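Lifted from TrEMBL, the feature list:
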DOMAIN    4-83  domain 'ATP synthase F1 complex delta/epsilon subunit N-terminal'
DOMAIN    88-131  domain 'ATP synthase epsilon subunit C-terminal'
COILED    91-118  coiled coil
Amino acid sequence: MKTLDVSVVTPDGPVLEDQFDMVSCKAENGELGVLPGHIPMVAPLSISSVRLKQDDNDSVSLAVNGGFLEVRPDKVTILAQSAEKPAEIDVQRAEEAKKRAERRLQSQQDNVDFQRAELALKRAMNRLDVAR
Ligand code: ATP
């Protein structure tokens, strides 16, 4: 069976490079499932998990923070601002980031950048989701 050559890269360096049967992710305009032979495309990714499926039962999830998915017929490249495997996620750090963001969103101060706090909250919740 044909597979996809998947590589995940962040500004800190490569995160993962392996063969998979399917890539599922959340692009900004919806869920996307990529199988070998998919038409070439580029899509912006949301703060979400990317699921990499190997065989029928084995799969790896990554918490990705934005970036792009590039699909070629037998190759998928994910270029993200950050990408972590479940074991790499520091749960306590993510819980603290979540609390910090929630405090900022609840505060009435006008020096708070709400959009920034919302994004931080999304990143933290996504990490907690993938770590579980
Ligand atoms: P924090 O406020 O805790 O720094 P953040 O969402 O602002 O979280 P990012 O800017 O998304 O952090 O990431 C900066 C770097 O830290 C990236 O390399 C990312 O992989 C890493 N990182 C952030 N949070 C965690 C975490 N909970 N566990 C492991 N690595 C993390």
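A Cβ is built for glycine as well, from the same backbone N, Cα and C atoms used for every other residue.
Just so you know, TrEMBL annotations are computer predictions that nobody has curated.
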Distant-in-sequence neighbours of the coiled coil (91-118), which means Cβ under 8 A and at least six residues beyond its ends: 124-125, 127-128, 131
Tally of DSSP helical, extended and coil residues in the domain 'ATP synthase epsilon subunit C-terminal' (88-131): 35 helix, 0 strand, 9 coil
Confidence summary for the domain 'ATP synthase epsilon subunit C-terminal' (88-131), mean pLDDT rounded: 94
Tally of DSSP helical, extended and coil residues in the domain 'ATP synthase F1 complex delta/epsilon subunit N-terminal' (4-83): 0 helix, 58 strand, 22 coil
